[in-house]
Amino acid sequence: MARTHDDKWDLASSVGATATIVAAGRAMASRDPRGLIDDPFAEPLVRAVGVDFFIKMMDGEFDLSVLQNVSSAKAQAMVDGMAVRTKYFDDYFGDAIKSGIRQAVILASGLDARAYRLPWPADTVVYELDQPQVIEFKTNVLADLGAEPRATRRAIPIDLRGDWPVALRAAGLDTTAPTAWLAEGLLIYLPPEAQDRLFDNITALSAPGSTVATEFVPGIVDFDVDRARQMSGPFRDHGLDIDMSSLVYTGARNHVVDYLRAKGWDAEGVTRSKLFERNGMAVPAPSDDDPLGEIIFISAALTG
């Protein structure tokens, strides 16, 4: 089903299911003996969502490499890709903490548990924004686990297509102090004009010294819809009915690095291939890589 301007979802369907895919990847990467990341909450959150495909995958009862067109190398590339992505953004927040930033905003937070697992200073406030049912689900599951946030956590149940800047201010965001922003795994699910509007709003809410991190996928411009459908087919055969070709917004859009620089940010990007190399992992062959191609991870600081 194609996206609409007011579509809704939970963590087992549509865009929401991609948050569960990401959490399952983090759970599997957390077990990797190389120890690149450690997210102890990813697995119980995925189990609570209850999608059998992901649970079997995490438990080793379902080997992705048995799927048509999914080799063992491609399956490993999926897990390794989630490991380097998670570490990049974990390190980003670590650098923000070291610089003295004491408020963070995680946009479209999904099953992100960084408020619970990163070593935040006690006076830090972490804001999380996502659809109401997503916020409620994660909050309740983590409470049932007895998990406690390691910072002051302020969860804001709002669709990012709504007036989230007003909601964020109402929740206590101090726009006179630097903020560390995160938009992880979000941009491909936004129309081009909404991507620009997101960074316009972030800029308007940011004091000098603020930072933002995200990733940009140049391949979204000429996204191979047929290849994405082909890759989704085998998953559908095993009970996971997610068609990525219907969830993302394709077509020309501004490059995030260029757009942020034009807004006064000092922005830099690093390719995922470089992150694989930096972390001592093999760079996947093109045939084993993401159907969107290369991914650029971006961090930026607002000059003042």
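In case you wondered, yes, glycine gets a Cβ from its N, Cα and C as well.
Summary of the site annotation: Swiss-Prot records S-adenosyl-L-methionine binding at D159, L160. Screening the candidates D123, D130, D196 against this entry identifies D130 as the one listed for that site. In the three-state DSSP reading, D130 (S-adenosyl-L-methionine binding site) counts as strand.
L160 (S-adenosyl-L-methionine binding site) falls outside any helix or strand according to DSSP and counts as coil. Annotation: D130 carries the greatest number of neighbouring Cβ atoms among the binding-site residues D130, D159 [cut-off 10 Å, Cβ to Cβ]. Of the residues the record lists as binding S-adenosyl-L-methionine, namely D130, D159, L160, the two whose Cα atoms sit farthest apart are 7 Å from each other.
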